[in-house]
Structure formats: C-alpha cells, structure tokens
Amino acid sequence: RRKLRTDVAAAFPNLSAEQLTEFIPNKEELNVIKIYSHKGEAVTVYMNSKNPILFEIEKALYPTVYTLWVYPNLLPAFSTWPPVLQKLAGGADLMLPGVVVPSSGFPQVERGTLCAVTLLGNRAPVAVAVATMSTAEMLAAGMKGRGFAVLHTYTDHLWEYGDKSYPPTLAPLVTDPAEKERAEDEEEMEGKEPVISFSTDPLQHVDIGDLSLKERDSCAIQTGKEELNENRAAETAEDADGEAQQEAEESRTPQEQMDALFSQCFFHALKCKVKKSDLPLLTSTFLRSHMFSCCPAGQQLDIKKSSYKKFSKFLQCMQHQKILQVKELNKGVESIVEVDWKHPDVKAFAVPEGFSSASAAQDSKSEDREQVYRAPEIIPLYGVSTKMIPLFQESGHRKGSILSSSEVRNIIINYVKTNELVDETNKNFVKVNAVLCDCLLDKSEQDEISNLKWDDLLSRCLERLQPLHQVTFFGQEPVVRKGTIEPIDITVAQRSSNKKVTIVKNLELYGLDPQCVANILQQKVQASATITPVPGAKDRVQVQIQGNQIHHLAKMLLEEYQLPRKYIQGLEKAPKLGRKK
C-alpha cells in the first residue's frame, strides 16, 4: 500500500497529500485483481470501495473514470460531442475532427501525455486516453487525424467491475462570457445560431443542429427552429405543445420513432401493468409481459432499431432519471427492485386512445406470461485456459478466447492434420505429440499413452477448457456467463406433521419470474405457494408449495414453457401413481 501511494504520487503530482490519503486510505480494504484484455495484455486493477480506482499496464498507472469523477482536474481534459462516446466505447480512438475547440484554447500537452476525455457541457470525464501528438502538432495538422489513443471508457468492461454508476454533472470551471450570454438568451438567439441541447446522461440520444462533423451521421438533425431547443425528455414532457409534437413526429427518423415508442410503452406499463407487489420484477419479464402488451396495434417494439441498441441501456437511462432502480439480484440477471410511481413523468403520462387503464390493470399477469414466455437459447461455450494455450495458439487464439464446441472440434482436427498426427496404420487413432501430451494427459498417463481415439481426444480437450455458456432471451442481446448454467432444482422437503413441500430454485436464470410461477401453481393445484429466500444465498429466492407437486411442475416446465429436460433437476422425485383396481 505504501509503495502504491508512492507510485500514485509520482504519476499524478497534482494530488495533494490529503487527496492522496483519501484516494488510497490506510485502513479501508484495497483489493488487487489481474485481468486480461481482448488483446491478451495483462492488466492489474486496484479496487477500493467496490469500484476500480486504478489500472496498471506495463508498470504504468492509469486512473479509471470512477477516480476522475472524484478528481476531475487530475488530468488535462479535451471535450468531444456526446454521440462520439458510443464510438469510443465500441473501441475507436478519438479523432481530432471530433474534438471541440474551446474559445479559451486547448491544454498544452506533449505526445504521450495521459488525458481525460469529457463531453461538451459536462466536466466529468468519460474516457482515459493518451495523446498521440502534442497540442501544437494538433493545431498544425488542422485538427485532422488520430488525436488520442483511448485506453478506457465509461460503459466498458472495466467500468462494469464497479457499481455501474453514471457520470456526475459537473459545470465547466471557466465559462466564456459570450457563451454564457448566448446560453442565457438562447430563445432570442434562435435566428443567429442553432442551439444545442444536451441530456445529462451521455447514453441518451442527443439532438444536434447544423454541425459539420464526421460524427454527424450519428446525430439526429432537426429541421424546425423550435425543435432545436428540445431534447428527448422535452419531447415527451407534459407541457409540449401539440402542434410542435406533430411537427416533430413527422420529422423524426425511424430510430427516433422507435425511441418514442419504447418510452410510451415503458410509461404505459409502469402506470397500468406493474404493481408494488410485483417487485422485484425481472427486466426480461417486464419487457416481454408488460411493455409488449402496451404496444399499439400495427407497431412492434425492436430495441435494435432504437438508439439504445440494448434494453439494459434503456433501463439505465430510466434509472438515471430516478424513475426506477435496477439491480443484479442474480449473476447476469437484472431485476427492477423499485419504481417511483410519483415521478412527474409517470404521473403525467396519459394512456393512449384504444387502451383502457382499468382493464389493463385487471389483466391476468399469469396468462400473459404463459402466452408470451419463450425458453431462452442456451449454448455451451469454452474458454481457452492457460494450460491449453499451446494447443490453440497455432490457430490464433489466446488465453480467454471463447469458442463453441464445433469451433473447438475444427481447431483440433486442423491441428492434427497440419502436424500429420493421424495414425497411418489405424486412422481412428491420433498420435500424441509433446503438445498433446502436456495439454491432455495426466502425469501418470504421459509415459503409457502414445495414441488416443478421436472421441477421447475431443472429450479430453473439452474437459480441460474453461466452461462458459451463452444465454439469449427473446428480444434481448446474448449474455455470456462463466461456468455451466445451473439447472432448475426441484426438491421435496419434509415438514412437521409428516407434511411435504416442493421447493424450486434457479427459475430466474431461465427468465422465469418466481412470483409468477408460484401464482400459477397455486391456481392449478389449489395449494399454498410462497416465495422464500434461499438459505445461505443473498438476494436469491425460491418457490415453496405444499405437497409433492413435481408432476404439475414437470408438465408446466416441459410442456407449457418448452424447457429442455436436461435443464431441470429433480423430476425423478415425483410421487409414484398407485394402480387403479
């Protein structure tokens, strides 16, 4: 810890002694983890208060965005337009045409200087980058070419290691008087210059007027002067003028129309479909069972056609507006845990014509969920482990590379054929060379086995790779999780007075709402069903229903929900039916 504090003081001399002590405290827990980038580079990450604060590459220390939000003046900062953030998060470097030239001039930096990247109007950094040229070289190049090599951004995997909080809203330190005057008198200045309105959430869609930028294609260009003063929130606010809304609707791009449809269905579902007793509610269930049913006839929700691209990002925006709160109660499975029904946007929403608020509130949720539930697509995957690198490096794969079983099979077959390892006397066998020996054989087998059958070779390879699995829920992006997926676990427990109860766990992993399953079972078997916490597991629940109800569960999960039998554990414990005399 003392060495780290010394290294940080040397790397960031702007930090005062008090800030340094606050940054790396003496008593609070400080964790160090090692991760690997997609390029195979080893990265050391320092964690404090559940957030990554520093990362180290080749003995060079870099701050994370969490650190820069606390110390925004730690690095020289350069601003860019909000739509550029999406490109930076996708792996692109920051090009000079996308850098905003302030009236006060750029900070003076040299090539190789570590810099922060901010969004116009907010001093909170959203990226950490290294300057590829000095300030003088940037200006001499006419602000063309690659300006900054981006190392880390808001919304990347390193950010996801933390609490996934949003950038704070920090006003610029120095405001140009002309800009300040223009901001105050923006309504009067409509005829002189287009006014640009930004949302506090950089992920939200931003409407930008006549800008001659390469990023212009990712901006929404408004045509009416009144529309230039409106951001996305203003377009859906209660006080929007009816005629202006109609004009905005006509000039909207298909992406903007899908954004508006998502907002409409979101507020409709919150106001008419969801009750406090439904919480926590799986985000997949909310989309599938509530928002889809609020979609007007002739229209269809498609998150990929919106500016959000992922439903999780849409919910992040809603959470940033403090309309709801989303938490990951189970690994890789997010749930809505809190809703502010008194939020002005929720209260101001009017149910569209053709929908009845009363009838919508009385809809049977269990029937809706049964009709629209689609079993997730689950694909086993394999990660290249350290021991298996020699076998896979010829095909260009590194540690952590993720492969399907068919890809693993093809790589092994190509390796065997390239190295001419097929046994000439019996082509069903493969000769074991030094690499196969080290990767696939135990120490006790290395002196005894010289040939392996093809099936044995492939099965040994799969066993020694890191197990992963990909889950794809209907209408959502695929999610890759470590390990093999846990099956739905069904057990029968004995209670007092020789009574039995059936306990079901892990329903959330398959996109099933435990409360919904409990309600359906209770109606079908006419027995008490409750939701209880899983013993020894934080934030996990299980369904408990009176009696041995495995027959009914099997019929529901296998026939109605179409879940494969291999993902259900405990069906053999069903009570044996007595013979009729």
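Every residue, even glycine, has its Cβ placed from backbone N, Cα and C.
Annotated in TrEMBL:
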- 224-235: compositional bias 'Basic and acidic residues' (COMPBIAS)
- 236-248: compositional bias 'Acidic residues' (COMPBIAS)
- 380-464: domain 'DM2' (DOMAIN)
- 488-561: domain 'SUI1' (DOMAIN)
- 224-255: region 'Disordered' (REGION)
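Residue counts of the domain 'SUI1' (488-561) by helix, strand and coil are 29 helix, 26 strand, 19 coil (DSSP-based). Shown for the domain 'DM2' (380-464): DSSP residue counts in helix, strand and coil, namely 39 helix, 14 strand, 32 coil.
Per-residue confidence over the domain 'DM2' (380-464) averages out at a pLDDT of 87.
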